[in-house]
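First comes the structure, then the notes that go with it.
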Amino acid sequence: MDTNQVNYIIWRYLKECGYSHTKFAFERETGIQNLDKQWGSTCQVGALVEILQKGLQYVELEKHYVDNHSSNEEASKTSIDGESLVNENPCKLPFYLTVPHICETTLTKADSTNGFCEHNNSNDHQLKILQDKGSGSPSSPVMPFKDKIEKRDIDITMADESNVEKDPARPIAVYNSSPVTEITEIKQVTFTGGEDIKSDFFKVIPTKHPVTCADWRPLLQENYHVYEFSIGMTNATLASVSICEEQNDFKAKTDYCLQSSFDNQDITGVAWNNSGSFLAYAFFSGVIEIYDSHGSQILSFHNNKGPVLSLKWSGTDTYLAAGSADGTITLFDQLKQTQYSIDTLASSVLDIEWISFDEFVTSDVEGSLRVYKVDGKAPVSTVSHAHDNSIVALRYNLRISLLLTASSDTTVKLWSRGDAGAFECLHVFSFSSPVNCIDWNLREGTPILAVASNSIVSMYNAISLQQLAVFMRHTAPVSALSFSHNGRYLATGDTSGGVCIWSCKTAKLFKELGSDNSELIAVTNVLPEEQVNFLRWSFDDKDLLIGKQKKEIICCCDFLHDSL
């Protein structure tokens, strides 16, 4: 068998055994989806996969269950089979490829004071290396096992912080005996536009502090009625919120809420990785913290001396890249559990986009584009003064390998990579005012892009460069826009708090959310706390998050029940 055939067998094994996260990363790394599947008709791939499954059952059993080392001498002499391991010490925590595994067992208090036991396998050595690091790039050690955060013990209200010991190496969590907090103050807001609109289409979820950013956790197949998103707020507060939409019933609850040790620091970025196993937060001080899906801190980086302005995972979840206002780029390698910094010797890094699994492009206030590889600290290629002014946004279309850049010099440019790897400009879109928002419609078919200049949103064909539609509904400059993943909707928000949801098929207004302060906005044209800072679609396009600098986050619900 050649390499491709071996890869195909491994891919089939991962797929049929339900290892969805590993299968996703393996597909992206090997390009297995582009290989010839006809080979499977001439070889008994199913039989080979069955052999792999049987052979690895014992390996998985050894990984998922832990010997009770405190058992008496007679018990230790007795051979322990798989069934007894399952009954005595089942592991309660999930496995990931990128972090050392810690087994949670049902040990008695005499065996363990906190109910957690370090798994005695090859991961022990990796964990010891992480905890013993004392040189190199500064980072916080892995959190002690006793700091594991259980979802049921944490309340979003953060009411009692007096009895919590503040440790600068880890976040502060408030422990409560009460169950998960149910958010009961959900209210409805007024809206206009569209036909057959339900009165509960927009939901307002209150928060403890003003919201600065949010991101959806990738949808888990085992519970497709529950959607989880994480939000970052002022005062260094992080929270995870779950919403349940089943049988027209909308419920929201707080899974956990954390108070970081960096008080009075706004959270500037939040990003889930593609498999939903790790969550990264960035602070105005430049600190970056990584958490697992249960809310436990894994690592903390202190390389940046300025606010982190861009925070993005690579497509395979292998790397995390962060761009800072001090011109520093921080890279974290999940597989090696290492991180390092790149000093761009330039001004602020405003945005970062991954263009392959190990390459990314950056933009800065000088209007330059730089391409980096993860294994080097010098740029692979540079386009100096790609724009006459700062490049405020980057969007890369991986399917057609085109880069879109937006600048405050009132232009948007379309780029492709030449034979030497450097970006070359294909076309310039000129506007009458600075451009702050751009996005790609990533549906299959003709590539479409959207540009917002002042209060006008334009949609173009990226191949013919023809203008397809112009949306003129906003009365204030557009501050955020986003296409849904299925390409059916375009959401736009402005500095006055107005939000419009457009049909991409008909180029007509689908739904609209008005501002609560329309009279005041008509005079001032802007209210900082009303400005729409971000729009985030859920992975199945059923819900849309609307974020402002207010103590609330708005959720637009049930898009799947509306037909265009």
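Quick reminder: no glycine exception, Cβ is built from N, Cα and C everywhere.
For 2-34, the entry in Swiss-Prot reads domain 'LisH', with the evidence type sequence analysis.
Annotated phosphoserine per Swiss-Prot: S137, in sequence order, evidence recorded as experimental evidence.
Among the features that Swiss-Prot reports, repeat 'WD 1' is placed at 262-302.
Sequence annotations record features per position, and here Swiss-Prot assigns repeat 'WD 2' to 303-342.
Long-range neighbours of the repeat 'WD 3' (344-382) within the same chain, counting only residues 6 or more positions beyond its ends whose Cβ lies under 8 Å from a Cβ of the stretch, are 28-29, 306, 309-310, 312-316, 318-319, 321-329, 331, 333, 388-396, 398, 401, 403, 405, 407, 409, 415, 417, 420-423. Residues annotated as repeat 'WD 3' in Swiss-Prot: 344-382.
For the repeat 'WD 4' (386-425), the model gives a mean pLDDT of 92. According to Swiss-Prot, the repeat 'WD 4' annotation covers 386-425.
Residue counts of the repeat 'WD 5' (430-470) by helix, strand and coil are 0 helix, 24 strand, 17 coil (DSSP-based). The repeat 'WD 5' annotation in Swiss-Prot covers 430-470.
Look at Swiss-Prot and you will find 473-512 tagged as repeat 'WD 6'.
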Helix, strand and coil counts within the repeat 'WD 4' (386-425) (DSSP):
0 helix, 23 strand, 17 coil
DSSP on the repeat 'WD 6' (473-512): how many residues come out helix, how many strand, how many coil?
0 helix, 22 strand, 18 coil
Helix, strand, coil residue numbers for the repeat 'WD 3' (344-382) per DSSP?
0 helix, 19 strand, 20 coil
